[in-house]
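Student: Would you mind keeping the following structure in view while I ask a few things?
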Amino acid sequence: MNLREKYNIPKNAVITVAGTVGVGKSTITNALANALQFRTSLEKVDSNPYLDKFYSDFSRWSFHLQIYFLAERFKEQKRIFEYGGGFIQDRSIYEDTGIFAKMHYDKGTMTNVDYETYRSLFEAMVMTPYFPHPDVLIYLEGSLEDILDRIKLRGRPMEQQTPIEYWQEMHKRYEDWINAFTFCPVLRININEYDLIADESSIENVIEKVATKMNRKVPVR
Ligand SMILES: Nc1ncnc2c1ncn2[C@@H]1O[C@H](COP(=O)(O)OP(=O)(O)O)[C@@H](O)[C@H]1O
Ligand SMILES: Nc1ncnc2c1ncn2[C@H]1C[C@H](O)[C@@H](COP(=O)(O)O)O1
C-alpha cells in the first residue's frame, strides 16, 4: 500500500505549496509528489525570460514579469484540470497578486496603471466561480534567518545581489497574507518540523497532517 492509499488521499486531489522565496517549496513539492505518486506543477525559473532582468531593474520589468507569471500559472492550472487533479503545485497563483504585485506597487516599482491593469486581468481570469481552488494549501513558514541561509545556499545569482530588505519585507507580508487567506483550507508547517534532506521519510508526517486537514481517516500509528 502506498502512502496515498494509507492516508486515504483522493487520487484527484490538488495540493498547493505556498511560502516565501527559498523556504523549501520545490523540495517538498517533489517529495510529496514522489510519495503520493502525483504529478508536479513546478515554477520554471531557468526558462523565465524576465526574471533576471526584473532583479536588475524592478521598475522596468515588474509588469512584464507579472503578466508572464500569470500566463504560466494559468496554463498550469489548465493542465491540472485536464489531467483531473492528482497534482502537487509549487506556489499558488494567489501569491502573485497578494504578495509580489502588491509589494511592488506599494513600494513604487509598479505604476498605478500597470497594477490596475494586472489586477483586472487577474480578477477576470482567477476570481470566478469556475476557477478551482486547491484542496489544501500547505503554507511553509520559518525564521527570516533560516530562509536567508537557504537563499544563500541555493545560490541563484540574481537573488544573491538583491538587498536583504527585499526578503525581509516579503517575509513580513507573507505572514499578513496567510492570516487573511480564505480560498481553501490551510495547513501551516514550520520548516523545523521536518527535514527532507536528512530524513526522506519525514514526508510521511507531512502527509498525515495533509490527510487530517482534508478530513480523511488516518490510520492509528
Ligand atoms: N528541509 C530542508 N532542510 C534543509 N535545506 C532545505 C530543506 N528544504 C529545502 N532546502 C534547501 O533550501 C533551498 C531552497 O529550497 P527550495 O525548495 O528551492 O525553495 P523554494 O522552492 O521555496 O524557493 C535549497 O537549497 C534546498 O536544498
Ligand atoms: N509573481 C512574482 N513576481 C516576482 N517574482 C516572482 C514571482 N513569483 C516568483 N517570483 C520569483 C521569486 C524567485 O526569485 C523565483 C522563484 O521563486 P521560488 O520561491 O524560489 O520558487 O521567482
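Heads up, the Cβ atoms here are built off N, Cα and C, so glycines get one too.
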Student: Hey, TrEMBL has substrate bound by Tyr55, Gln66, Arg91, Asp96, Glu159. Any idea which of Glu43, Glu145, Glu169 it lists too?
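Tutor: As annotated by TrEMBL, Tyr55, Gln66, Arg91, Asp96, Glu159 share the substrate site with Glu43, chosen from Glu43, Glu145, Glu169.
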Student: Within 10 Å of the Cβ of Leu153 (ATP binding site), how many other Cβ atoms are there?
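Tutor: So the number of other Cβ atoms within 10 Å of Leu153 (ATP binding site) is 8.
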Student: Of the recorded positions Tyr55, Asp90, Asp96, which one has its Cα closest to the Cα of Ile151 (ATP binding site)?
Tutor: Tyr55
Student: For ligand 1, which among the binding-site residues Val23, Tyr55, Asp96, Leu153 have a CB under 6 Å from it?
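Tutor: Only Val23, Leu153 meet the Cβ criterion.
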Student: Which one of these binding-site residues, Thr27, Gln66, has the sparsest Cβ neighbourhood, judged by other Cβ atoms within 10 angstroms?
Tutor: Thr27
Student: Which binding-site residues from the set Gly19, Val23, Glu43, Tyr55, Asp96, Ile151 have a C-beta atom lying less than 6 Å away from ligand 2?
Tutor: Glu43, Asp96
Student: Check the DSSP secondary structure of Gly19 (ATP binding site), expressed as helix, strand or coil.
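Tutor: In three-state terms, Gly19 (ATP binding site) counts as coil.
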